[in-house]
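**Q** Here's the feature list from TrEMBL:
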type	residues	note
BINDING	LEU78, GLY82, HIS83, LEU84, GLU208	(6S)-5,6,7,8-tetrahydrofolate binding site
DOMAIN	1-348	domain 'Serine hydroxymethyltransferase-like'
MOD_RES	LYS186	N6-(pyridoxal phosphate)lysine
SITE	HIS185	site 'Plays an important role in substrate specificity'
Amino acid sequence: MEAQGSQLTNKYAEGYPGKRYYGGCEYVDIAEQLAIDRCKQLFGADYANVQPHSGSQANQAVYFALLQPGDTILGMSLAHGGHLTHGAKVNASGKLFNAVQYGVNDAGLIDYDEVERLALEHRPKMVVAGFSAYSQVVDWARFRAIADKVGAYLFVDMAHVAGLVAAGVYPSPLPHAHVVTSTTHKTLRGPRGGIIVASRAGMGEQAEELEKKLQSIVFPGIQGGPLMHVIAAKAVAFKEALEPAFKDYQQQVVKNAQAMAKVIISRGYKIVSGGTRNHLMLVDMIGKDVSGKQAEEALGKAHITVNKNSVPNDPRKPFVTSGLRIGTPAVTTRGYKEADCEALAGWICDVLDAPEDEGVIAGVRAKVEQQCRQFPVYR
């Protein structure tokens, strides 16, 4: 926050370190190069661009660098846990490109056989892997094998699990993907922004060509001046993520998520895919009297912030939904351990059981406030 709130916010610096279109960039060059070097070290990358203003813009850069309008992409359906930028019809990725969507099977797991069948049928130029609401481990190698079978690029959006990947708690996509993007917030716990990374192993013989395309599409292709205060904050975040304590934190994030999932399941609620192996879970309330929107509002009154989320085969509209997406990075940052998350999960279920009972909500709110006092944001 100190870096992002610094006077670096006032510095224009179009271009890249050592190749700027403005004078007076000697010190911002140092900051950006530091961010690049730390990012490469953190993810074992051979290429890193830290200028994307967001994850969505990083994704846009990848599409524009490697595709032509009208090309076919194969990505995860938003309704099954994907992201808007993976080919949703309402997003530019679904309007500029011919987007084919894959999903999960009845067990809530990515159906790799379906992915391969769709790839063979539609011959996409790019296969997109990654998610915004999927709680299991993705088989990056299987995705690369499918992409190679049809001569497609494999593009991985690891925004949700980047922190877990950095800590070695979740498999890295870099050895398998031609290109990888991420946000720098979420599990990476840095400022809001984006990055593009790649490894020579993933890029293969196209490495030099891909690096040139990615570099030139970010600037001057889709962006002008980089946000130097945010890039400085990214450098700080990468430094924190390289510390041994960050691995302990990420391991606890997963333990806390699994503890919460077990309680929620024991209370009669369904978790899509049956549990979690990362930082999040998707509660499926199809068939329940409470919608995702009602649950979000009721839990908000109890000072528990979650978000409504569509679940596979959701009969309700996207602004209503039948699901809740719950994650543990924030509470883990506060210092929560498994027992604390088990208690929190129980309170969530208390509210879900009686979303219109003001007495129940008030009781849970009091417990939440007490727990937050026990684990303050600032110590």
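Using the three backbone atoms N, Cα and C, a Cβ is placed for every residue, glycine included.
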**Q** Taking just the CA atoms, what is the gap between GLU208 ((6S)-5,6,7,8-tetrahydrofolate binding site) and HIS185 (site 'Plays an important role in substrate specificity') in Å?
**A** 29
**Q** Quick one, of the binding-site residues LEU78, LEU84, which Cβ has the fewest other Cβ within 10 Å?
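**A** Relative to the other binding-site residues in LEU78, LEU84, LEU84 has the fewest Cβ atoms within 10 Å.
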**Q** Rounded to the nearest Å, what's the C-alpha distance separating GLY82 ((6S)-5,6,7,8-tetrahydrofolate binding site) and the residue listed as 'N6-(pyridoxal phosphate)lysine'? Just drop the number here, would you?
**A** 16
**Q** Counting other Cβ atoms within 10 Å of each Cβ, which of the recorded positions HIS83, HIS185, LYS186 scores lowest?
**A** HIS185
**Q** Among LEU78, HIS83, LEU84, these being the binding-site residues, pick the one whose CA is nearest to that of LYS186 (N6-(pyridoxal phosphate)lysine).
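**A** Out of the listed candidates, the nearest Cα belongs to HIS83.
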**Q** Which has the fewest other CB atoms in a 10 Å radius around its CB: GLY82, GLU208, the listed binding-site residues?
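**A** Across GLY82, GLU208, these binding-site residues, the one with fewest Cβ atoms within 10 Å is GLU208.
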**Q** Within the domain 'Serine hydroxymethyltransferase-like' (1-348), what mean pLDDT does the predicted structure show?
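**A** When the pLDDT values over the domain 'Serine hydroxymethyltransferase-like' (1-348) are averaged, the result is 98.
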**Q** Could you check what DSSP calls LYS186 (N6-(pyridoxal phosphate)lysine) once collapsed to helix, strand or coil?
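**A** The residue in question, LYS186 (N6-(pyridoxal phosphate)lysine), is helix (DSSP, three-state).
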**Q** Can you give me the Cα-Cα distance between LEU84 ((6S)-5,6,7,8-tetrahydrofolate binding site) and HIS185 (site 'Plays an important role in substrate specificity') in Å, rounded to a whole number?
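**A** That separation, Cα to Cα, works out to 18 Å.
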**Q** Can you grab the distance from LEU78 ((6S)-5,6,7,8-tetrahydrofolate binding site) over to HIS185 (site 'Plays an important role in substrate specificity')? Cα atoms, rounded to a whole Å.
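**A** Rounded to a whole number, the Cα-Cα distance is 21 Å.
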**Q** If you measure HIS185 (site 'Plays an important role in substrate specificity') to HIS83 ((6S)-5,6,7,8-tetrahydrofolate binding site) at Cα, how many Å is it?
**A** 16
